[in-house]
Amino acid sequence: MAHQSHAYHMVKPSPWPLTGALSALLMTSGLAMWFHFYSTTLLTLGLLTNTLTMYQWWRDVMRESTYQGHHTPPVQKGLRYGMILFITSEVFFFAGFFWAFYHSSLAPTPQLGGHWPPTGITPLNPLEVPLLNTSVLLASGVSITWAHHSLMENNRNQMIQALLITILLGLYFTLLQASEYFESPFTISDGIYGSTFFVATGFHGLHVIIGSTFLTICLIRQLMFHFTSKHHFGFEAAAWYWHFVDVVWLFLYVSIYWWGS
């Protein structure tokens, strides 16, 4: 291994950004093909390419950080700034959906009947499944914090237990959300109410699935003794992301389910 006189990680050439871009092209093209021609070939190919890219890219990052020691304190600091900027970009992403919702609901047009929810729309009861979903996500926020504290105290067993509980709560939330969609009295094509509801809650649901995957990777890494109380940014980033998902849901619940109904 060549001598290095600085603390920064000079990343070697990697094919994964290219295969990741290719998978994104295949998935977006595949979605268009699915919507218009009911063909899922491109979409399936895109999902497969994306899964393989993620697996191999994460494998490389884990090798560089855990086994090769490239993630020095200055590198970890840069990764922290990167994660903060990423979550900030996600905040603005969801801000667009809330803007669309409030723009339509605070001044409903005559086409909507002059009131909100629009004529003919029966909104979901915010005190039923949505309230249960809120409780589930708040509980998962508590359990992920428990996992973090356990890791800082080198309590391996409790960390694994708390992380597993968080993942199970995330899966339970996803199942509840899916059942709510199936039983919903309106669809995404039911005007501005249906489109804003399903796009905002659907993208949040996608983020819950991504967060659950992120935490599952962290659980596997913890089982393989990858994390210590001093070296665990992968888990810390997952915890930040999960708390962000929790906060977004609280805004969704108050805005769309409770006030919007």
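Cβ coordinates come from backbone N, Cα and C, glycine included.
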Membrane side match, Tyr67 / Ile188, Swiss-Prot record: no
The transmembrane segment (73-105) versus listed stretches 16-34, 129-152, 191-223: most Cβ pairs under 8 Å: 191-223
Tertiary contacts of the topological domain 'Mitochondrial matrix' (1-15), as residues 6+ beyond its ends and Cβ separation under 8 Å: 57, 60, 64, 70-75
